[in-house]
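Residues or ranges marked as domain 'Calcium-transporting P-type ATPase N-terminal autoinhibitory' in TrEMBL: 6-48. The domain 'Cation-transporting P-type ATPase N-terminal' annotation in TrEMBL covers 115-182. The domain 'P-type ATPase A' annotation in TrEMBL covers 233-331. The domain 'Cation-transporting P-type ATPase C-terminal' annotation in TrEMBL covers 829-1002. Per TrEMBL, the feature transmembrane segment maps to 170-189, 195-215, 352-374, 394-423, 809-829, 911-928, 949-974, 980-1000.
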Amino acid sequence: MSNLLRDFEVEAKNPSLEARRRWRSAVSVVKNPARRFRNIPDLDKRAENETKRHQIQEKLRVAFYVQKAALQFIGAAGRPEYKLTDEVKEAGFSVEPDELASMVRNHDTRGLANSGGVVALAKKVSVSDLNEGVKSSELPIREKIFGENRYAEKPPRSFLMFVWEALQDITLIILMVCAVVSIGVGVATEGFPKGMYDGTGILLSILLVVMVTAISDYKQSLQFIDLDREKKKIIVQVTRDGTRQEISIHDLVVGDVVHLSIGDQVPADGVFISGYNLEIDESSLSGESEPSHVNKQKPFLLAGTKVQNGSAKMLVTTVGMRTEWGKLMETLVDGGEDETPLQVKLNGVATIIGKIGLSFAVLTFLVLCVRFVLEKATAGSFTNWSSEDALTLLDYFAISVTIIVVAVPEGLPLAVTLSLAFAMKKLMSDRALVRHLAACETMGSATCICTDKTGTLTTNHMVVNKVYICDNVHERQESFQLKLPEEVQSILLQGIFQNTGSEVVKDKDGDTQILGSPTERAILEFGLLLGGDFGEQRKEHKILKIEPFNSDKKKMSVLIALPGGGARAFCKGASEIVLKMCENVVDSNGETVPLTEERIKNISDVIEGFASEALRTLCLVYKDLDEAPSGDLPDGGYTMVAVVGIKDPVRPGVREAVETCQAAGITVRMVTGDNISTAKAIAKECGIFTEGGLAIEGSQFRDLPPHEMRAIIPKIQVMARSLPLDKHTLVSNLRKIGEVVAVTGDGTNDAPALHEADIGLAMGIAGTEVAKENADVIIMDDNFKTIVKVARWGRAVYINIQKFVQFQLTVNVVALIINFVSACITGSAPLTAVQLLWVNMIMDTLGALALATEPPNEGLMKRPPIARTASFITKTMWRNIAGQSVYQLIVLGTLNFAGKSLLDLNGPDSTAVLNTVIFNSFVFCQVFNEVNSREIEKINVFTGMFNSWVFTGVMVVTVVFQVIIVEFLGAFASTVPLTWQHWLLSILIGSLSMIVAVILKCIPVESSRQHHDGYDLLPSGPSSSNSA
């Protein structure tokens, strides 16, 4: 089948436009395009939206570079007048929303100056004190006047729209026409109500199919709406009611004071209040790749841009659809999610089988018509045609159309969407947010996970456990009793409270709260334990310059003005890096002494000792300067004050999760910025660093020649002191040697590695908005165990679709052949249109619900990853399909041609009874085969069956409806009530398929590799395989 599916192959990540167009054009025999392609993006519409987006970006570029220049020469008279409306005045504001939007959008610095600057502008939006922010009681009126911070969204589809979409099925429309004609002809020839039964039965069956389909699709759409809502959740920090708070981006109002730091998305248009080294990436808005420097001279910030460096506070001036970002987001509403490799592959399978089914349907109709005409000719009534003859031909046509309904497996590609939606919903409750559908599939193939240490393998609840200061090591008991000289204590507290990107604030209840990264929180808590006061320290000294921490330099620095003149620089960061910047050290007497080789060795030994105890070490240093430097802060001549050792315990259950990965053939590699000794200690504790494995520093790794690098990469288990570039290099080289790589990241600089990896996993708590935007999955609790759950569900989705395909293809084969052969030999089809519609619902919507939503079992993580290059429909599956089809065809064929004599059926209703037994046996064969399909290889198919309430529910509903159809709806479904013996026979015939399944599973068809439970492994693979 591989040659037939060559056009149905796309990459799992960033598929080419050519591949996407190719498979779309190759799809044919589609019964309901509206439903089948509902979740597939319209490439023409996407291109149209892309053009609109570029036009908006171009317009913004003009605004940035032309309007700004023009406004310098336009006087106040040249600016538009904005008359204050009564509504705005009554609300207590003195500036129009459109005036604010225009000022920021056009970068109108002169307009801002004329307004009196940012403080005066704040007062115009009724914020009297920027340190207090807006009052919570004012939020409703602010939202009423200035709008909400929400963007235009496509309204959700109602249930009736899904009903209408299900009715677009061409075959169902043809059958409805046939049913109406049948009712008309039937009533005319057989009278009322008998003449209505056949047509009404078809209409009722169609109604049932449409309603079940619509309900399933509607529930699925609600799941996607929930997921989409989760994706848009962004938390921002604001000052409100005089306290710093975390709120949703959607709750932001004009007048809010927002705190920005590296990696944040600017949540609304606004004006710079204060900050340091603020660099903004405006590429998402204007297409410009060069970062823009924002300060008091260039104070405007636009929604949707990203903070590339520095930190700042901004005043929100424009929100929601008044921002340019809002208009840009409107063009992305209809963008749609890229199709997944499995969806594409199964569209191909559905196309091939659909063509075969269509051919069989045409042949069946021709055979039935030719036989009917020959019989009339033989009987000498060829020239006499009655309405009954027309009804018979119409019935033949309806049966042929129904064969197309059953034969075209429209549900195959849709089952992928159903399974993915179900998995994504379950993963959301397991604290993993899947941003891209294909990532869920690809995770089932992951052979390697490159994970961060901090917060992912560890708890991220950090405390300073040890400190080296004044030549002594102090260990935390209940607190620290350091007894330091007064001057040393003063410098240490200055270094802690001044050189930080975090804050100590009071919450609404008046309790002390530390806001910031876990490392910063640990150091600030240490300073508070020493009796320091964050607020007093900040008031005493003016900060002149800040160089925020970034993962390349592995340090952060600050410059403060001293009261008596001069300045003091503080630096903290990776111990061995910062230690090299020092020339002096504070000794046991509190004196500053030269840093001799011996002292360097002693301090290095202390650092190594801390690291070997799995402590993260940071070095705190300072340098006094006569005057503030004009450029960067000095990178030498510092005096070392202290080395702190921060404890970050390994998360409970991480070792077991790592062992689960290793048993599943997934290699776990730790990539961290920490000291190599700390990294090795944690890696050993987690079970990552094992005998024969390699731990390497990033500097060594990046200096290796390409051939040496590729040779050692398979052995690398730990990479320490790594830069984001090292992570990117490791990921790209792993992919080149055939690995399917999942990589975690939290920082802005991790974005390239997240984008490069097969599956990018961003941290939900520690991760920046930039990292999340470039990720495929967001790990909401930053926990490694959650990553393993994603891998388990990835495998479950793939295996579940294989189960469903095996089940559906079996039904397809049997239904096609039994009707065709019977038509050729007897001149009639044993399964009527109504019966085939019921069978179609069992194998399509209900079958997908039962098999495609089964939860993962532990056995999935005890086999190798799903190989990329393996067939989707495996030899094992073909064996099961062929074996079950042959069994069902033999039994049903025997009943069809010799049933009357075998069952001793006599009398006028013998044909009706026989056809009902055949129909009943056929349905029970599918019921039991659905149970068989729960395990493709294993003999025990009952494990965990009752844990899946969906599967159990579908089985019960199918059996109950079958009883109702046979016993009570005979007039519509062309059935008659059966005796208990016939019911027992039908169930027995169906249940024998389970014994057939056991026999089939003992026939080896795959390679000789053994599964852990003694059965052959099931090689299978998502996406870009060369076969199906």
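The backbone N, Cα and C atoms fix where each Cβ goes, glycine too.
All TrEMBL annotations are machine predictions without curation.
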Paired segments the transmembrane segment (911-928) and the transmembrane segment (980-1000) in contact, 3+ CB pairs under 8 A: yes
Contacting positions for the transmembrane segment (352-374) when only residues 6+ beyond its ends and CB under 8 Å are counted: 1, 4-5, 28-30, 382, 389, 392-393, 396-397, 399-401, 403-404, 406-409, 809, 812, 816, 819-820, 823-824, 827-829
Counts of helix, strand and coil residues, the domain 'Calcium-transporting P-type ATPase N-terminal autoinhibitory' (6-48), according to DSSP: 20 helix, 0 strand, 23 coil
Long-range Cβ neighbours of the transmembrane segment (170-189) (under 8 Å; 6 or more residues past either end): 31-32, 195-200, 202-203, 206, 209-210, 386-388, 390-391, 394-395, 397-398, 401-402, 404-405, 408, 833, 837
Top Cβ-contact partner of the transmembrane segment (809-829) among 195-215, 394-423, 949-974, 980-1000 (pairs under 8 Å): 394-423
Within the domain 'Cation-transporting P-type ATPase N-terminal' (115-182), residues counted as helix, strand or coil by DSSP: 40 helix, 1 strand, 27 coil
Counts by DSSP class (helix H/G/I, strand E/B, coil) across the domain 'P-type ATPase A' (233-331): 17 helix, 47 strand, 35 coil
Within-chain partners of the transmembrane segment (949-974) [C-beta distance under 8 Å, separation at least 6 from its ends]: 197-198, 200-201, 204-205, 832, 834-835, 838, 842, 846-847, 849-851, 853-854, 912, 915-916, 919-920, 923-924, 927, 930-931, 934
PLDDT averaged over every residue in the domain 'Cation-transporting P-type ATPase C-terminal' (829-1002): 90
